[in-house]
Structures are given as C-alpha cells and as structure tokens.
Amino acid sequence: MNQLKTASLLGLLSALLIGSSYALLGGSGGMVMGIGLAALTNLGAWYYSDQIALSAYQAQLVRPNQAPHLYAVVQRLAQRANLPMPRLYIIPSSAANAFATGRDPDHAAIAVTEGLLRMLPAAELEGVLAHELAHIQNRDTLTQAVAATLAGAIAFLAQMVSYSFWFFGSRGNDRESNPIGALLMIVLAPLSATILQLGISRTREFSADETAARLTGQPRALAQALSRLESNAQRNALGGNPAFAPLLIINPPVRQWLSNLFTTHPSTQDRINRLLKLEQQLQRRPSIAFTSL
C-alpha cells in the first residue's frame, strides 16, 4: 500500500509538471514540452539523482584514509543490515545534518556535514548513520530524489515564466495561452509540488527512525541526536535548494505559522517520543532481532 501511495504521488507530481507547462507556456506546445520535460526529469532523476542531490550541497567524496572512523561505523552497520557499503561524502558546512541518496542500495551514497561529525558523540552518530542506511534499505532514496527533482523542475519552470511576465508581460505567449491561468500556476504549482512531497516524505521518516533504532539497539541515542540536530538547525540551518530538504534527517526551520503545514518531516518531538516508546518495548523484549521494515 505504501509503494502504491508513493507511485501515485510521483505520478501526480509528473502530471503537475505537465499541467504547469501547459498553463505557463501556453497551448499544445506547452503540453508537448511538459510531457517531454516530465519524461526527461524522471529519467534523469533515475540515473543521476545521487549526483544532483550531492551537487546541491557541494558534498565531497571521502576515502577510508580520510575519514577512517566514519567508514568503520558505516561499514559495521551496513554489514549488520546486509547492505553494500555506500559511498561516503562530507558536506563542508558547520550546520549539522545528513542525508542518503541513490537509486538503489548498489548505487547509494550517504552525506554528512562537517558540523555533524564534530557535534555528535559516537553513539548518536551511529544512530544518524543507521537512519540514513535505513532509507537506503527501505528504498526511500530514489523516491525522495525523484520527488525533489520533479518539484525542483516545477519551481524552476514557474520562476522562469514569472521572469518572462515581469519583463515581457504576456506578449510572448501564443493565442492559446491564458495569462490569468499562467499567473495562478506560477503561485500554485510550486505550492502543490511541495504538498505532494510532504505526502511522500513524512511517513518515511518514522519508518527510518524505527529501522535505525532496531539496527543499533539504541533508540535513545538516535532520539538524543535528533534533539541536538533540531537545536542546531534553529541556529545554523543547512542551505541548498529547498526542493532537496526532504532528503535531510532534520528539516531546515520554517516560519512557525507554516511549520505544521509545510514541513517535509514530522515534528522532531513526535519522532523522539516514538523512539523513547520503542526503547521501552525493546527493554521488555530484549531478544528482538533487527528486521527489514
């Protein structure tokens, strides 16, 4: 059911991109361009989603001799989860955050910021890395990257057309264009894309948290890490293209009155509460083994 829901939401994002092209560019030409753009965006996201996301945050590939402790922790967790070793990247930022990307476990990558490596104790770092491995195991990375790429394409299209209206008005559109519809789409298309992203991202964070907690056996360590990361994000948010925010373990802060509606993640406190509840369950059943969720 979750896979069907995700496929439906990605289909709606593609349809939104096609509809946006029709409304923004005008007429049948806009429709044809939208279909082509949607096809190219999905194909590009399939093959290059990892590089697109990593480039968005200027992540730099690191070798085992450059980050031996990071490699050792990820390798141990990957073996425990029966996953291939992902490529590891470090983001040159003092903000504390992390994400995973890649179309499948064989093409996966994990990126962490310099700030996260400096800030977290060993057990909490392990929890964060396990969370990212959980996204890889649960095949969330491709879904999130495709959604981010589609949303980014919609936002870019709307922005380009808004510039066109600003400088040239509606004179450049053909007879089939609808200036009022185009103006509405400039506002509504990116907003709708964001809302569809929410439907894809929110439930996956809970699942990745639980998978990570079972993998490490330390739900409290991940809960403490989330608390630290949330506090850090309020003071020092990681920049980058907002379309890729759903990939991050902690959502960048937004205005308080919009937070519940437009955040791509469930609230950090809800995630912490679930982890602490899971800790109680694991303590009552100490022999429970890690399983793929």
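Including glycine, each Cβ sits where the backbone N, Cα and C put it.
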Inset, instruction - With HIS131, HIS135 listed by Swiss-Prot as binding Zn(2+), identify the candidate in GLU205, GLU230 belonging to that site. - result: GLU205
Inset, instruction - Give the sequence-ordered list of residues that share a chain with HIS135 (Zn(2+) binding site), lie 6 or more positions from it, and have CB atoms under 8 Å from its CB. - result: ALA100, THR141, GLN144, ARG204, ALA208
Inset, instruction - Using the centroid of the Cβ atoms of HIS131, HIS135, GLU205 as reference, list every other same-chain residue with Cβ within 8 Å of it (recorded Zn(2+) site), in sequence order. - result: ALA100, GLU132, ALA134, ASP140, ARG204, SER207, ALA208, ASP209, THR211, ALA212, ILE249
